[in-house]
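A.B. asks: Handing you a structure now.
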Amino acid sequence: MASSTFFSDWNQMLKPRVTSLVLATIIPGLYLASEQSPSGFLIAITLFGTFLMSSASFIFNQVIEKDRDAKMKRTSNRPIPSGRISVVQATLVGIAMMGSSFYVLAVYVNLLTALCAFAALISYVFLYTIFLKPRTTQNIVIGGVAGCVGPLIGYAAIGNSLPVQAWSLFMMIFLWTPAHFWALAIFLKEEYSDADFPMLPVVKGIHQTTKSIFFYTILYSIACVSFYFLESSMGFLYLIVSLIVCIWMGILSYQLIQNPEPQSARKFFFFSILHLFIINITIVVDHLI
């Protein structure tokens with residue numbers, strides 16, 4: 001039982017399911033930046049190093065937000081607010097993972113890759129968690145930069161540079177992030193209110209939030225389709241798939257305006273995750289064929 005609790009607690013601290021989406025956004029850059037398929041070792045070490053840095057970010061986030069987490073039903077049983085893991089323990093593990101990540105990426109990949117991953121951590125912990133999230137409804141718009149670094153890491157790992165295609169994928173995720181998290185904030189509105197987080201549904205109301213979700217969904221869809229014209233290796237497979245899933249996401253966002261209920265927001269939230277996975281997988285498949 002003790003070992004089961006240990007693994008469950010650290011699973012909550014490290015958030016591997018969330019990190020898997022970050023890792024998925026690295027893979028297109030690894031393939032697009034290389035004339036030949038990257039080596040298995042380079043792929044593995046880049047993903048492993050990024051996993052460590054992402055996990056460290058989530059640990060520091062939970063250390064900082066422990067008091068607010070205790071006020072939210074969804075987070076009150078997390079290891080730190082419930083007392084199963086101490087702040088000191090979590091901080092030391094976070095520092096160790098952060099340092100290990102930087103070393104692994106700098107030594108076995110290159111310094112630019114390590115700096116990109118570290119910049120994501122700094123952005124998430126300081127810009128988003130400490131400064132923006134408790135202060136503004138636009139917290140996720142600006143603070144979402146941290147979750148967009150995957151493509152930069154992928155391109156940097158192969159070419160030791162950040163070409164325009166890397167930044168276009170960065171911008172794609174940047175535009176995806178607000179709609180995704182505002183949908184989450186709709187069906188967790190009361191909990192965010194209890195924890196005093198000024199999320200958009202709490203401050204501006206659900207109707208305004210659904211209109212903002214629709215607006216960012218359109219911008220994100222334009223960015224997805226535009227990548228076909230920016231990346232010469234993209235073929236009709238990517239164009240067709242991106243058009244189909246973007247149209248469907250647009251329909252869901254419009255339905256959310258018409259029916260702004262938590263269940264509709266939840267449906268949009270989970271589809272947005274699937275959408276980003278599909279886009280990234282299609283980029284790689286189209287490039288390889």
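Glycine too: its Cβ is placed from the backbone N, Cα and C atoms.
As listed in Swiss-Prot for this protein:
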| type | residues | note |
| --- | --- | --- |
| TRANSMEM | 18-38 | transmembrane segment |
| TRANSMEM | 40-60 | transmembrane segment |
| TRANSMEM | 87-107 | transmembrane segment |
| TRANSMEM | 111-131 | transmembrane segment |
| TRANSMEM | 139-159 | transmembrane segment |
| TRANSMEM | 168-188 | transmembrane segment |
| TRANSMEM | 212-232 | transmembrane segment |
| TRANSMEM | 234-254 | transmembrane segment |
| TRANSMEM | 269-289 | transmembrane segment |
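Distances, neighbours, how buried they are, the whole picture for these features please.
C.D. replies: Sequence-distant contacts of the transmembrane segment (18-38), counting only residues of its own chain at least 6 positions beyond either end whose CB sits under 8 Å from a CB of the stretch, comprise 46-47, 50-51, 54-55, 58, 147-148, 150-159, 163, 165-166, 169, 173, 231, 233, 273, 276-277, 280-281, 283-284, 287-288.
Listed as Cβ neighbours of the transmembrane segment (40-60) (distance under 8 Å, sequence separation of 6 or more from its ends, same chain) are residues 13-16, 18-19, 22-23, 26-27, 30, 90-91, 93-95, 97-98, 100-102, 104-105, 108-109, 113-114, 117-118, 120-121, 124-125, 129, 146, 150, 153-154, 157-158.
Remote same-chain partners of the transmembrane segment (212-232), defined as residues 6 or more beyond its termini with a Cβ less than 8 Å from a stretch Cβ, comprise 32, 164-165, 168-169, 171-172, 175-176, 178-179, 182-183, 200, 238-239, 242-243, 246-247, 249-250, 253-254, 256-257, 268, 279, 283.
Packing against the transmembrane segment (234-254) from elsewhere in the chain are residues 179, 210, 213-214, 217-218, 220-221, 224-225, 227-228, 264, 267-268, 271-272, 275, 278-279, 282-283, 285-287, 289: each is 6 or more residues past its ends and has a CB under 8 Å from a CB in it.
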A.B. asks: Mind checking which residues of the chain, 6+ beyond the ends of the transmembrane segment (87-107), have their Cβ under 8 Å from one of its Cβ atoms?
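C.D. replies: Long-range Cβ neighbours of the transmembrane segment (87-107): 13, 45-46, 48-53, 55-56, 59-60, 62-63, 66, 79-80, 113-114, 117-118, 121.
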A.B. asks: Residue list, the transmembrane segment (139-159) vs rest of chain: Cβ under 8 Å, 6 or more residues beyond ends.
C.D. replies: 22-30, 32-34, 38, 42, 46, 50, 57, 109-110, 112-113, 116-117, 119-121, 123-124, 127-129, 132-133, 165-167, 169-174, 177-178, 181-182, 198-199
